[in-house]
Amino acid sequence: MAQFEEVSQKSKLHPKPEGLTLQYGTAGFRTQAKHLDHIMFRMGLLATLRSKKTKSTIGVMVTASHNPEEDNGVKLIDPMGEMVAASWEEHATRLANAEQDSILTELAKIIEKETIDMKEPASVYIGKDTRPSSGSLSQAVVDGVSSLGGKIHDYGLVTTPQLHYMVCCRNTNGCYGSATVEGYYQKLSHAFLQLTQNAPNRTDDQKRLVVDGANGIGALKMREMEAFLRSELQVVLSNDGSRGKLNHLCGADHVKVQQKPPEDLTMAAGERCCSFDGDADRIVYYYTDSDGRFHLLDGDKIATLISTYLKELLTQAGLDLQIAVVQTAYANGSSTRYLEDVMMVTVCCTKTGVKHLHHAAQQYDIGVYFEANGHGTVLFSKAAQKQILELVKDPNTNDEKKRAVNLLENSVNLINQTVGDAISDMLVIEAVLAIRGMSVQDWDAIYTDLPNRQLKVKVSDRRVIDTTDAERRAVTPEGLQEAIDSLVKKYKQARAFVRPSGTEDVVRVYAEADTQKGADSLAHEVSLVVYRLAGGVGDEPKPLQ
């Protein structure tokens, strides 16, 4: 244990509060900032071990994304910029919850189980968001890495997707790009400017975009990037962090949940607006019409716009590549029908959660995935990228094919394939709208969302509900799915499903129908069935007013 002497000494500076247990989930660890100092130190240790194991640079991002400013969190980034392997999530949970005198034992167990050679060098990239607590918490990560002799590159204030990008650049020896913030801006802006050259005669109004930065890191980085865009995108930045609180009455999550614009944002009728979340890995678009009605364009609409654009380019370029859109059960039925029936795009449905979507998207030549909340990206297989590049270089390509394949190549370069990235996704959307000569209203009119309603039912034990078919059908308790099926038959264009929450003893209910009244009524009836058959607690669900 001599090699752990420094760990033993430094861990005393980051003591674990007694009785506190946390679990590493899809979003890493996330809770009130005051409970996280010991977690950060230990994730510094774990990232160092992961680096030695993979012989690669690993990332550690200090952020709590769309959570309130008082919270914070941490997540590890694997070598290709993806989320950390599931088996290491378990190591993270055990190491985080080990009592103070058991840290060294827990470390030794991980080293033995993963057969880690401690003589291997380690390299860890660290980034943080703008929360007041992020400075001291990222220092705790630094302490953890240095106590195991790891090499640190601290990027300071960056968006979560930027750190994912840096890690991927580093581990591909620069093939993906330059592992600097400036390198990120240069790669994305160059691709964006190349794409928008295909949309001449745009007016200043068409180049104008109102951006809600959620008073977070996205606003800061958008300011830095503006110069690289050379006025091809004229950003009007609100909630830029100069006075408001992070995520308070602003940001993508607030807009999506409340179905209304953020505070402190001035928007004219028909004006194109978008919101980032706190760490800039989600984006939603919106506008108000001439009657003052609010229109939200969420992840489903984004996936539809991007996938149909890419499919058209593949056809024009004569490339035989399979493109698919990966959705969850929460995707609006109208989007699924439009993609499958009108655009003839393959749609694959998978379980809720980014890691499931990302994994499913990897099975196709081109996989487009977006959660309804606006988190998503596009993945291009190595084979697809190779075919695109070969066609770019082919001197015998005719003009139409050449234009299409050049657009494809620049689209690949503009998309951050490591993770959902609000800035990258925004630039892709802006380029597609410009190239197609579409307004935000044209985009919104592609299809009309079916009215829907989401409800929660408290139960004594969420595990009584087991699902299949990408969470669209309930296997247990007995009789529940049959009851849902018979309720759905009462309504037009209807569907409904239930799934247990991943974090609390509640069951989530989703219903869709041809009218809002129908969707509300169906959701209520399904929640009553769940309450009665799955051990509901408290009062029976009341009808929606």
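Cβ atoms are placed via backbone N, Cα and C, with glycine included.
Feature list (source: TrEMBL):
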- Ser65: active site, phosphoserine intermediate (ACT_SITE)
- Ser65, Asp277, Asp279, Asp281: Mg(2+) binding site (BINDING)
- Glu371, Ala372, Asn373, Arg499, Pro500, Ser501, Gly502, Thr503, Arg508: substrate binding site (BINDING)
- 52-99: domain 'Alpha-D-phosphohexomutase alpha/beta/alpha' (DOMAIN)
- 108-168: domain 'Alpha-D-phosphohexomutase alpha/beta/alpha' (DOMAIN)
- 179-284: domain 'Phosphoacetylglucosamine mutase AMG1' (DOMAIN)
- 298-436: domain 'Phosphoacetylglucosamine mutase AMG1' (DOMAIN)
- 456-527: domain 'Alpha-D-phosphohexomutase C-terminal' (DOMAIN)
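Feature map: annotations from TrEMBL on the structure.
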| residue | record | CB count, 10 Å |
| --- | --- | --- |
| Ser65 | active site, phosphoserine intermediate | 27 |
| Asp277 | Mg(2+) binding site | 32 |
| Asp279 | Mg(2+) binding site | 33 |
| Asp281 | Mg(2+) binding site | 31 |
| Glu371 | substrate binding site | 22 |
| Asn373 | substrate binding site | 20 |
| Pro500 | substrate binding site | 21 |
| Gly502 | substrate binding site | 12 |
| Arg508 | substrate binding site | 22 |
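Counting C-beta pairs under 8 angstroms (sequence separation of 6 or more), the domain 'Phosphoacetylglucosamine mutase AMG1' (179-284) reaches the domain 'Alpha-D-phosphohexomutase alpha/beta/alpha' (52-99) with 3 or more such pairs. Residues in the domain 'Alpha-D-phosphohexomutase alpha/beta/alpha' (108-168) partition by DSSP class (helix H, G, I; strand E, B; coil) as 29 helix, 13 strand, 19 coil. Apart from Ser65, Asp277, Asp279, Asp281, the residues listed for Mg(2+), the same chain places the Cβ atoms of Thr63, His66, Thr159, Thr160, Gly216, Gly218, Phe276, Gly278, Ala280, Arg282, His375, Ala422 within 8 Å of the centroid of those Cβ atoms. In summary, the domain 'Alpha-D-phosphohexomutase alpha/beta/alpha' (52-99) does not lie against the domain 'Alpha-D-phosphohexomutase C-terminal' (456-527): fewer than three C-beta pairs, each 6 or more positions apart in sequence, are under 8 Å. In this structure the C-alpha atoms belonging to the residue listed as 'active site, phosphoserine intermediate' and Asp279 (Mg(2+) binding site) are separated by 5 Å. In this structure, the CA atom of Pro500 (substrate binding site) is 25 Å away from the CA atom of Asp281 (Mg(2+) binding site).
Counted with DSSP, the domain 'Phosphoacetylglucosamine mutase AMG1' (179-284) comes out as 40 helix, 16 strand, 50 coil. With respect to Asp279 (Mg(2+) binding site), the closest of these binding-site residues in Cα terms is Asn373, chosen from Glu371, Asn373, Arg508. Of Glu371, Gly502, Arg508, all annotated as binding-site residues, the residue with the shortest Cα distance to Asp277 (Mg(2+) binding site) is Glu371. The domain 'Alpha-D-phosphohexomutase C-terminal' (456-527): residue composition by secondary structure is 24 helix, 24 strand, 24 coil, according to DSSP. Gly502 (substrate binding site) sits 21 Å from Asp281 (Mg(2+) binding site), taking the C-alpha atoms as the reference points. Helix, strand and coil counts from DSSP across the domain 'Alpha-D-phosphohexomutase alpha/beta/alpha' (52-99) read 15 helix, 14 strand, 19 coil.
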